[in-house]
C-alpha cells in the first residue's frame with residue numbers, strides 16, 4: 001500500500017467520524033486527479049466511507065469501478081445494502097459474489113432480520129448451515145435470537161438455542177445475553193435464569209439482562225439479590241433496577257435507589273431520569289420531582305425529548321398543570337409522547353376541553369396521533385358528554401385504522417355509554433375483535449349509569465362466565481345498578497362477593513353505592529348502622545346521597561346527623577347546609593333555614609351559583625337562574641311559558657319546598673320555572689333539530705322539582721334530554737329518568 005493511499009484512507013476515516021460527506025467527495029476528486037489506478041484497498045475505503053455516510057449511489061459507483069473487487073469489496077457493498085434495507089440489491093450482490101465468508105452470510109441474514117422478515121432470514125440461516133457452517137459465529141446466533149425475540153418466534157429461538165449448544169457456543173456472553181432476553185420476553189424466566197447460571201464467565205451486561213428479565217415478571221426480591229451480588233455495576237445496572245422498581249409500582253424504593261446512585265457519582269442518562277420522574281409522579285412526590293427537574297437542568301438533559309415528556313407527565317400527576325405546560329412550551333423538540341403526556345394530564349385533572357384543544361394543536365403541528373393519544377381525547381369527550389366531537393374522533397379512528405386498537409375501542413364504548421347512546425355502545429362492543437376487562441366494564445358502567453339494571457347484571461354475569469376478572473370500577477357499576485333497581489339483597493350479595501370471591505377490598509366508592517342502595521329503599525336506619533361499621537367515613541357524595549334520601553322520606557333526625565357529619569368532614573362544602581335546609585324547608589321550619597344561612601355566612605361558606613350550558617354549532621351557551629343576558633331571551637321565556645301550560649295539563653305540580661326562601665308561592669313557582677337547566681332545555685328545544693337528543697351540563701346537582709319537570713318535558717316534547725349534573729348523568733325519555741324517582 002502506497003503512502004498516498006494510506007494518507008487518503010486516514011483522511012476518509014476522519015470524514016466518516018465527523019459525518020462530513022462534502023469533504024469526503026473532495027477527497028474522492030483529489031484521488032481521481034492524482035492517482036491513475038487507485039489500489040483496491042483505497043477504493044474499498046471509499047466505498048466504506050460513502051456507505052457509512054449514507055450515500056448509496058456513490059458507494060455503488062465506486063464499487064462498480066473496482067477492476068478486481070476482493071472479498072472485502074463485496075462484503076462492504078453487501079453490508080451497505082443490508083444496513084440500508086435495500087434487500088433486492090443486497091440479494092443480487094450476494095448471489096453475484098464469487099465467494100462468501102461469515103461476514104457475507106451475517107450481512108444477508110441481518111438485512112432480512114432487521115426488517116422483521118422471519119422467513120427470509122431463516123432461509124438465509126439454513127443456507128449458511130448447509131453451505132457455510134464453518135463460518136457460523138457469535139454474530140449469526142445473536143442476530144437470529146434477537147429476531148426470534150422481536151418477532152415473538154419463540155419456538156425458533158428454542159431451535160437456535162439447541163444449535164448453539166450443539167456447536168459449542170453456549171459459553172459466549174455475546175450469545176447468552178440475547179438468549180436470556182428471548183426467554184424472559186417469552187415468559188420463560190426460569191429458562192433465562194438457567195442460561196445465566198450455566199454461563200461460566202458473566203459480565204455486567206449479562207447481569208443487567210437477567211435483572212431486566214426478573215423485574216419484567218415482578219420477581220423483585222430475586223432482582224435485588226442479583227443486583228447486590230454484582231461485583232461491578234455500571235450506570236445501566238442502576239438504571240435497570242430503578243426502571244424495574246417503578247414498573248412494579250415500588251416508587252419509594254426507586255427514589256431511594258436513585259439517591260444511592262447519585263452518591264456513587266455515576267452518570268445518568270435519559271432513561272434514569274425518565275424512570276425517576278415516573279416514580280415521583282406515581283407517588284405524587286412533587287418535592288422530589290422538582291429536585292430531579294433541577295438535576296436534569298444541571299446535567300443538561302432538559303432538551304432531551306424523552307426527559308421533557310417525563311417531566312410533563314410528572315407535573316400532571318402532581319396536579320401542577322401550569323408547570324407541565326410551562327415545561328412543554330420550553331421543549332425544543334416534541335413528539336407524539338410529549339403531546340400525549342400533556343393531553344392526558346389535562347384530561348386526568350378535569351380539564352377535558354383543554355385536552356381536546358391540545359389534540360387540535362398537535363394535529364396543526366403535523367404530529368400524527370397514536371392509539372393512546374386518540375383513546376385519551378375520546379375519553380375527554382366522554383367526560384364532557386360531547387357526542388358531537390367524540391363522533392368526529394370516531395371517524396378519525398376508522399380512517400386511520402386505530403379503531404382496532406383496544407384502547408381506542410374501549411374509549412368509544414365509554415363515550416357512547418356516557419352520552420346515553422347505549423345501543424351504539426353495545427354495537428361497538430360486539431364489533432370488537434378483542435374485548436378485555438376494560439371493555440366489559442365500560443359497557444357495564446354505561447348500562448348502570450342510565451338505570452338499565454337487568455342489562456348491567458346480565459352483562460356482568462356474562463363477563464364472569466367468560467373467565468374475566470372484574471375490578472373495582474366494574475363493581476361500582478353493578479352496585480349502582482342494584483341501587484337504582486331497588487335490588488337490596490342482590491346488592492349485598494355482590495358487595496360481599498367482592499372480598500370473598502374476587503379478592504377486592506371495597507373502597508369509599510363501593511360504600512357510597514351501598515349507602516345509596518339502602519337510602520333509595522327507604523332503609524335509612526339500616527344505612528346509618530352500615531355507615532357506623534364502615535372502616536372509613538363516607539365522602540361528600542355518600543353524605544349527600546343519605547341527606548337527599550332523608551329529604552325524600554322526611555327523616556329529619558338522620559338528616560341532622562348526616563349533615564353534622566358532612567360539615568365535620570368538609571366544613572366549607574355548601575352541599576351539607578343546603579340539603580339540610582331543604583329538609584327544614586319541606587317541613588316549613590323557616591327559622592331553622594334562616595339559622596343555617598347565618599351559620600354559613602359566619603363560617604364564610606358560599607353556595608356556588610348554579611349554571612347550565614348547552615353546545616350548539618360549536619358554541620357553548622351558558623345560562624344562570626333567571627338569566628337576562630342571552631340574546632335569545634324572548635324566545636326562551638316564551639318557550640318556557642308554553643311548556644308550563646302543557647306541563648300543568650299533564651298533572652305537574654311544582655314542589656315549592658325546593659325553594660329555600662320564605663316568599664309568596666307565586667314567587668316560588670317563578671323561581672323554579674327559571675332555573676338554569678330549564679332555560680338550557682328551552683334553548684335546546686328551540687334550536688336542536690327534532691330527533692336529536694338535547695344535551696345539558698349543570699355545575700350543581702339538579703333539584704328534585706327540575707328533575708320531575710324534565711321528565712314531564714321529555715314526555716310532552718317526545719325528546720331525549722341528557723343532563724349531566726355534579727353527581728350523575730340523567731337520561732330523560734318518555735316521561736322517565738334513567739336514575740328513577742330518586743335523583
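One-based numbering along the chain as shown.
Glycine is no exception: its Cβ is also placed from the backbone N, Cα and C atoms.
Lifted from TrEMBL, the feature list:
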REPEAT    70-100  repeat 'PPR'
REPEAT    101-135  repeat 'PPR'
REPEAT    203-233  repeat 'PPR'
REPEAT    234-268  repeat 'PPR'
REPEAT    335-369  repeat 'PPR'
REPEAT    436-470  repeat 'PPR'
REPEAT    471-506  repeat 'PPR'
DOMAIN    651-743  domain 'DYW'
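Outside the repeat 'PPR' (335-369) by six or more residues, the chain places 305-306, 308-310, 312-313, 315-317, 319, 321, 324-325, 328, 376-377, 379-381, 383-384, 386, 389, 400, 402 with a CB less than 8 A from a CB of the stretch. Sequence-distant contacts of the repeat 'PPR' (234-268) (same chain, six or more residues past either end, CB-CB distance under 8 Å): 204, 207-208, 211-212, 214-216, 218, 220, 223, 227, 275-276, 278-280, 282-283, 285, 288, 292, 295, 299, 301. Mapped onto DSSP helix, strand and coil, the repeat 'PPR' (436-470) counts 26 helix, 0 strand, 9 coil. Residues of the same chain lying 6 or more positions beyond the ends of the repeat 'PPR' (203-233) and with a Cβ under 8 Å from any Cβ of it are 173, 176-177, 180-181, 183-185, 187, 189, 192-193, 196, 240-241, 243-245, 247-248, 250. Model confidence over the repeat 'PPR' (335-369) stands at 94, taken as the mean pLDDT rounded to a whole number. Taking DSSP states H, G and I as helix and E and B as strand, the repeat 'PPR' (203-233) has 23 helix, 0 strand, 8 coil. Assigned with DSSP, the residues of the repeat 'PPR' (70-100) fall into helix, strand and coil as follows: 24 helix, 0 strand, 7 coil. DSSP places the residues of the repeat 'PPR' (471-506) in helix, strand and coil in these numbers: 27 helix, 0 strand, 9 coil.
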